[in-house]
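A short write-up of the structure that comes next.
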Amino acid sequence: MTDNSKTRVVVGMSGGVDSSVVAYLLKQQGYDVVGVFMKNWDDTDENGYCTATEDYKDVAKVAAKIGIPYYSVNFEKEYWDRVFTYFLDEYKKGRTPNPDVICNNEIKFKAFLDYAISLGADYVATGHYAQVERDENGHQHLLRATDSNKDQTYFLSQLSAEQLDRVMFPLGGMIKPEVRKVAEEAGLSVYDKKDSVGICFIGEKNFREFLGNYLPAKAGKMMTLDGEVKGEHAGLMYYTIGQRRGLGIGGGSKNNEPWFVVGKDLSKNILYVGQGFENSHLYAASLDASDMHFVNKLGEERGRDFRCTAKFRYRAQDVPVTVHFSEDFSKVTVDFDDPARAITPGQALVLYDGEECIGGGIIDAAYNSEKKMLQYI
């Protein structure tokens, strides 16, 4: 039996059930486990209530129960500088960013990893649902989790082989009900705590209200691509491609079909809308993405043109595509086998080869079958 007692694993503990079970399992396996609570955002509300304080209390309870030391580290400045300013800049450009992808790369597996190493860590572990495998040549591979409903490789697609070398994802081979069962049987007080959802720094707050605190909103015309004014928008940053809710337009022509956001014109401050879920302006034949990154060195060995599958939003199913990389592999054009709906600039494009996540980048633009740019951003 392997003696793990000399291997120190620092666990990123959020106070939730997933990371608590990670700490418990590693402790059971004999590792030298240390818990660390990351405070990335000051979420104190107008009544002085801070959810982070409650979460930290849960970390303390779990750590005491399983018998491990725990610390708290403040990454608010790093988060503001590396994640939140990016988030705001993208919204200023009329795009819809995914801060979780940046947070994982810059905070959880960079700032936190560096901090863990300063505590003598051999590895860090988190409650992410993903798997890491090393092949016979020493290359790290990022694989989907067993629980396809919880798989988080989409958010981990910007990690490097060097980062994965130091990472453990103990929940990768488990399904969520099993995780809760382990927590309950181990007597962990968080076994029935509800999962956190949405962007961490917004939490339960109203998104429109939150964004309005940081960026000035400028109302403007809401119109069809034929130039018919349908109403007024509250500010382009509040809308995303394919959005239906919150437009304030009834049916009308086309058998009372619902209206959707089909584009934005930043220079004229116009929000374009169209009727029908199947509206042709929502469907792309291809997209361009930049800031492309491969998880390991094997990515570039595939050549600049190859077949794979791609995912362009977290909850979407990945679809078959052909990719065409630029000479330095930093940009890519992706051709879809079948038209893809509501491709959104600013979101992450993530590439897969079967169960393996091979890398990803950020979507810049989408095009129809005639190579005309959609969304008019």
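Note that Cβ sites are derived from N, Cα and C of the backbone, with glycine treated the same way.
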Site co-member for ATP according to Swiss-Prot, given GLY12, MET13, SER14, GLY15, GLY16, VAL17, ASP18, SER19, MET38, out of GLY120, GLY127, GLY138, GLY172: GLY127
Spatial neighbours of SER14 (ATP binding site) that are distant in sequence (at least 6 apart) but have CB under 8 A: PHE37, MET38, ASP55, VAL59, GLY127, SER196
Among CYS103, HIS128, GLN347, which are recorded as recorded positions, the nearest neighbour of ASP18 (ATP binding site) by Cα: HIS128
Cα-Cα distance linking CYS103 (active site, nucleophile) and GLY12 (ATP binding site), given in Å to the nearest integer: 13
Cα proximity to GLY16 (ATP binding site), best match among recorded positions CYS103, HIS128, GLN347: HIS128
